[in-house]
Each structure stands twice: as structure tokens, then as C-alpha cells.
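According to Swiss-Prot, the features are:
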type    : residues                                              : note
BINDING : Gln87, Gly105, Glu106, Gly107, Lys108, Thr109, Asp512 : ATP binding site
BINDING : Cys885, Cys887, Cys896, His897                        : Zn(2+) binding site
Amino acid sequence: MLIKLLTKVFGSRNDRTLRRMRKAVSLINAMEPEMEKLSDDELKAKTNEFRARIEKGESVESLIPEAFAVVREASKRVFGMRHFDVQLLGGMVLNDRCIAEMRTGEGKTLTATLPAYLNALSGKGVHVVTVNDYLAQRDAENNRPLFEFLGMSVGINLPGMPAPAKREAYAADITYGTNNEYGFDYLRDNMAFSPEERVQRKLHYALVDEVDSILIDEARTPLIISGPAEDSSEMYKKVNKIIPHLIRQEKEDSDTFQGEGHFSVDEKARQVNLTERGLVLIEELLVQEGIMDEGESLYSPGNIMLMHHVTAALRAHALFTRDVDYIVKDGEVIIVDEHTGRTMQGRRWSDGLHQAVEAKEGVEIQNENQTLASITFQNYFRLYEKLAGMTGTADTEAFEFSSIYKLDTVVVPTNRPMIRKDLPDLVYMTEAEKIQAIIEDIKERTANGQPVLVGTISIEKSEVVSRELTKAGIKHNVLNAKFHANEAGIVAQAGYPAAVTIATNMAGRGTDIMLGGSWQAEVAALEAPTEEQIAQIKADWQVRHDAVLAAGGLHIIGTERHESRRIDNQLRGRSGRQGDPGSSRFYLSMEDALMRIFASDRVSGMMRKLGMKPGEAIEHPWVTKAIANAQRKVESRNFDIRKQLLEYDDVANDQRRAIYTQRNELLDVSDVSDTINSIREDVFKETIDAYIPPQSLEEMWDIPGLQERLKNDFDLEMPIAEWLDKEPELHEETLRERILAQSIEVYQRKEEVVGAEMMRHFEKGVMLQTLDSLWKEHLAAMDYLRQGIHLRGYAQKDPKQEYKRESFAMFAAMLESLKYEVISTLSKVQVRMPEEVEAMEMQRREEAERLAQMQQLSHQDDDAAVAADLAAQTGERKIGRNDPCPCGSGKKYKQCHGRLS
């Protein structure tokens, strides 16, 4: 009550921010007559004038009124479009490191030209981030004439572009691209073997369109560049045959693992657990299939990989549904983005889940992958000096933007008042009753000539509604992941009188629905339209437009509530743009996933008390409130998951930054010999310490062991025993110095043969390759640590602190291994002539190019980990402590990855 009173007196924080910015808008408006008087050349010259002022020390912020006035005037001349005052406000919000919430149809694309131009003046580059390639290309081409008129260059960053084209795109003043491509380029740059292979500049200013979709919905999705691990497709097929014999428990009891069924499903956490009965049955079936020996347990250490296969297969069957989570097309399993309803070609689930789904669907099983480099969007976008974003729906997530990205959310007012009617939800007992009610509503609306957009949350649901509409004889268009090729055409004409369009999640569609349809699309369909034809098309459109306005504008039907209120608001936001009339209503049933998991008992009880008859709906503020609370619960849970993921990923992020900084410094220098010499001293000191403890008696020395180690690991034949026999007075310090001097001498002889320049080149290559190889193994080890760290909670230890402590110890061990591996490799290398070295370098470059083209894999799960090659090998056979480590380091297992197990 008190807060409401204070807000009334002083205004909200949002009001105060806008009040401050409106003063600048008045200044910009006052400059308009002055700008109109300038010739085109004088207006263009303003860009160079601004750049010169910045170079002299003037701040970018001080240029806002003039720069925005210049862009507005240029837009009038190039596009015939003048920025509204609210768009100027939006531009200032975006320059202010904030999230601008601007409603659909308020011209976010044109608004973005203001801060993009302003921040590009410094010459450091601006990255405009969109959710898909189509929008990146469309926005870049639409805005290119304006930016080029003002003397700014525009680049487009698309997947599959060759490195020179990417470098050119990044060198432009303003670059358009997708969040995925910016992230993957960052990872690829940090896998480059020469400075020339890198494409990105320093990350300066990112302007993110549909910011909620990228920074929140996809925050749990790490970007991963992966390489193939070993083939285990047969095992997936064998385990897949067993799963249909298992029965799901009717009442879920994931805490005690007791019950009548063989496995329980936790739909909230998206996890599957075997019950005790299920474990007994699956062990029997595995023995029958000859996969496991009689008397063995599925939980024994030797069967860890088998347990991994069983869990993946169970999840594939119990949690992942065809035409909801994925589609099968041309013999391939393609993931469907749960937030946008789009297919994600080339993306694969990790942890063997994708292979398990392929086995379930009977398509070809592709190899598992091993992580080579990864980063989450949360950490990638925090690398920018300055970050801002815009969306139609951000206010519900304002707390998350503030706490994770330190971005305030500012709601920008609409240019015209919003007059859409949002009708209360209708709740039915069953799915069938709900669908029938939707069909009746559509019949009624279309009879009056009102266009209807039906939003569904999955392909499966959109096809159910489509079948019912076909039965009822209602013409309609379906827009989902299966038919996305003609997406823009369908959306453009969704405002036609009496048009019915069914669409899976409308988030990120990026195309406005014009009432009466799009006359521009009709003109574009003609080969060479005449002035008369265009005039006739416009006149016909005006008649249709007026008819739709009279019928009440676009009507939105939601077939069920989404987990997030924000995505419901996005669907509603397709109607009522720019002050147009419109309406919306959600139809729900007690069988909907959200209602079943979160709101069922309370609302079901309420409906029973009211004595509901079949086909009757409940429409009450209490129900709407209960549903909103259920959505808040889910949002809160998802926020906690993202926050926790970030806390864990921050540990890896600190290590990633340290490694990438070191790697970039290494790339930028041509001579690393000082580093090599320093490392050599450390490595030989530690090696000798292991056999000749410092300040120890000679009786404690293990000279044969030291000689063998020097021979095996450094290819050095040193008669240390002979030296000691011939020179009894040889003490420890002198002996150490002699061993180091001998090793340097042998190395220098190699350098004389191959030449100093070639040796420097080779040293740098060895350091980079060794660093990459160890970092790859470290990522796999971190994944395994992350998977099991929660169990430390049972020992009354804080899993996060344990994870930090152990991952730091692993990181320190990796750096020690790096020193050792580099010196060992350089010592053991066989000297070749320069021509041979060049040929080897050529081969390495080809391999690096192949690696860069490798499949890019994305996790879908909250904290899913990657099944790495090393684990696959160690899981299948017992490795002796003194055997060579399977990672290929050349060290004994106990001295390498045996320490981790």
C-alpha cells in the first residue's frame, strides 16, 4: 500500500527514466528544422564530424541529440519514414545499457538504427543480434540504404561463410547476425592456429533483438563445437529393444524408488528414475541379451557406460515425443525449439540422448561427440563492453535481466493507445471439449469476416486443431516446423478477412500481421507490376482492411497456456498493433501439461464443487489467478535452474577466459623460446625431485628410475650412474645443473639442423596443439565432475564449493601437464628438413579447417554433459595403473587421468 502511494507521488522508476529522456527528445525535435535545411552531402558529412569529435575526446553520450536528429532526417530522405518520439525514447534506452520493452508493431527495427549508428561512430563495431538468419538478412538489407547514406558500412554474418567474408562482415561498422553464429565464431577464433585465421574484433556493443528469447529462453543452451568420439551405435540399438518391456508407474514416487512400475518420471525436472523392480527386470533383460554377465550389477564401476545407455534410452522413450520435441525428416531426427516452434537443423542433444532417440525412431545412428570448446549465451554476451536489447515482452523477466546481466528494463510507451480486448480464460474438463469450443469460436468469428490466429505449443497440437477444422470444413493455413519454408507468406496474409491461421509458438516470427493482408506481398508476386495494377491492389486492400476493422480486428486463440507468461503475451501481442482493434482468449483443459503438473488438484476440486457438466467451461478470476500462480512457479523454477547453471558455469568461465587470453597472447607472438626455456627448468626440476628428493642422502636417490624416465619421456640418454661412479664428489645441485645443461645442448643441436626460425614456428605449434588437446580433456573431466557433484550434499558438503575447489585443482593439474607435455614433445621430436616441416604444417592446417566445419552441437537440457572419448574407452575395459593413458598423452594412467578416477 505504502509503495503504491509513494509511486503515485514520485512516479515509478520507469516514469522517472522516461521523464529524463523526454528532455533529450525535445532537443532532437527542436533540431529538426535545422536538419531539414541541410543538403544530402552536408547531412552525410555529419558522420565524419561526429567521428572527429569523438577522437578529440568528446563522449558518445554527448552526441545523442545531434546524432539521433541526423538519423531521423536521413530516414525521412531514404525511406520516407520519420522516427516517432517513442522510437527516439527506445533508442536512448538501448544506448543506456537497458532492455527496451516495445510492443509488437512499434517499429523496433527502425528504433535500432539510432543506437547502432551512434555506437558505430567510435569505430569499434556494433553487433546487431537476431534469432534467425532470415531476420539478420532482412534487417541488414532493409537498413543498409540508410546506413550507407550516412557513410556507415554494413556486414552480414551468416553460417557457412568463408573466413575472409566473415572477417569483412566483422570489420564493417554495423554487423547483423544470429546469436549462434556470433558465439560459434568466438569459439572458433579461440581454436585458431594463427592470428590471420581469427575473424572477430574486440567485442564492443551488442544490440540484441528478441532479447528475452536469446538471453533467457536459450540461456540453458551452451554453444558447443564438438568432434566425433567412438562409435557405439550397436549398443544403443540393443538397449532400445529392452525399454518397451518396462512399465511406467501410475503414481510417481521419485523419492523412494518403490512402487508397482519399473520406472518413474519427474516431468518437472525432466528426469527418469528406475524403481527397484525396474532395476531387477532390466538387469535380467541385459543378461538375456548377452550385454551383461550373470551376477553383475548395473551399478558396478565396469558398467557405468551401460547405465549411461539405459538412462538415455529411458529418457528418449518417456520424456521425448515425436512432433513435439523433434520431427523425423529424410531419415534424420531434427530438434524442435520448444520456445519458437522452429526446427534446429544441425543441432544435436548431448549425453547420448540424440543417439537414443535415433534408435527409438529406427533411423541411422550417428556417432557421439566430444566437446572441443563451449560457452553459454549468458557468458558470451557478458563479454561485450556494452549490452542492450529490445523485445515486446520483458517486464515479467525484469528481475532476471537485472540480477544476471545487470540490465534494467524500461517499458517504452506505445505511439497510439492499445485497444485490444484480452478476454478471460475458459477452462474445460477435457481436451476434446476444449478443441470443440475452439472450433465453435472460429466458426462464429469467421462468419463475421474476422481473421483468427490460433497459437499452439507443439506441432502435434497444431495438427490436431487442423484435423478438426478440416472436418468442420473450415479453410485454414498451418504454420509449424514442418512447413516453415512458406512461413513469411502465411504470416503476411494472416490478417485477410475470415483467414484462419494455426501457428506453433509465435515468438521470434518477426513479421507483422497486417489487417486485410499484405498488399506489398501481392505486388512482389507480380513480375513487372504497372502503376495501375499497384493502385488497384492498394484499393482492394483498403476495402479488406476496413472490413477487418469493422469485424473487430485480428482475434487470437491460445490453445493452452505456455510455461512462461511472456510467451503467452507474445502470442497476444500479434493483435492490436499500432492502435488497431483486436481480441484474444486462451482455452484450457485439465489435461493440459501445465495444469496437470502444477495446478491440477486445486482447480479440479474447484470445478467438481461447481458441478461442471460436459462441454461447460469455468470462467472465473480465481481460476485465472491459479493459472498465473502456476506459471509463476514454473518461471521461478526455471530462473533458479538458469541461475544455478550460471554459478557453475562461472567457474568454467574463469578458466576459459584464462586459457583463451593465454592462447591469444601465444598466437600474437612469433618467438616463444623464453617461455619454453622457463618451462624446461620447471619440468626438469620436478622430474629430478621425484627421484632425487631435495637435500636428501644419496642412499635415497633412485638413479636407475631417473635414467629410465629421462629416456622414456624426453629421449635423453644420460649416464648419470657413470658420472656418480667417476666423480664421487658430484653433489646434488651440480648434478641437477648438468642434467639441465645436457638437455639444452641436445635441443640446440636439433635447432641447428632445422634452423632457428623453423624451430620457433614448431615450438609455437606444439604449445597450441598441446594446450587445445589438454583443454578438450579438461572440459570432459569438468563435465563428469559436474554430473556427480550434487551427491556431495549427502556428506553435508556444499556442492558448489566442492565443485570450485576440485575444478581449480584439476585446472592447476592441467597447467602442470601442459608444461610437461610441451617439453616432452619438443625433446622427443625427430628433426626433419624445412620442406618436411612445411608439409606437416600444411596437413595440420587442413585438419584444423576440417575441425572448424565439424558439427555444432547444442545441449537442450539444464546441465547436460558431453560423453567424451576417454570415458567411452575407460568404461569398456579395465586399465592398469601402469598402462599408458588412453588419452594419448604418453604418460602412465596413474600419472594422468587415473588421478581423476
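Heads up, the Cβ atoms here are built off N, Cα and C, so glycines get one too.
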Inset, instruction - Restricting to the same chain and to sequence separations of six or more, state which residues have a Cβ under 8 Å from that of Thr109 (ATP binding site). - result: Asp139, Asn142, Asn143, Asp209
Inset, instruction - Look at the binding-site residues Gly105, Gly107 and tell me which residue has the greatest number of other C-beta atoms within 10 angstroms of its C-beta. - result: Gly105
Inset, instruction - Might you list, by sequence position, any residue in that chain lying six or more from Glu106 (ATP binding site) with a Cβ less than 8 Å away from its Cβ? - result: Val86, Gln87, Gly90, Val412, Thr414, Asn415, Arg577, Gln578
Legend entry - Listed in sequence order, residues with CB under 8 A of Asp512 (ATP binding site) and six or more positions away: Thr104, Gly105, Arg577
Inset, instruction - Within the same chain, and leaving aside Gln87, Gly105, Glu106, Gly107, Lys108, Thr109, Asp512, name every residue whose CB is within 8 angstroms of the centroid of the CB atoms belonging to the recorded ATP site, in sequence order. - result: Met102, Thr104, Leu110, Thr111
Inset, instruction - Sort Lys108 (ATP binding site) into helix, strand or coil using the DSSP assignment. - result: helix
Inset, instruction - Specify the secondary structure state of Asp512 (ATP binding site) as given by DSSP, simplified to three classes. - result: coil
Inset, instruction - Using a 10 Å cut-off, grab the number of neighbouring Cβ atoms around the Cβ of Gln87 (ATP binding site), all chains included. - result: 27
Inset, instruction - Provide the number of Cβ atoms within 10 Å of the Cβ of Lys108 (ATP binding site), excluding the reference atom itself. - result: 22
Inset, instruction - Grab the ATP binding residues from the record (Gln87, Gly105, Glu106, Gly107, Lys108, Thr109, Asp512) and give me their largest CA-CA distance in Å. - result: 17
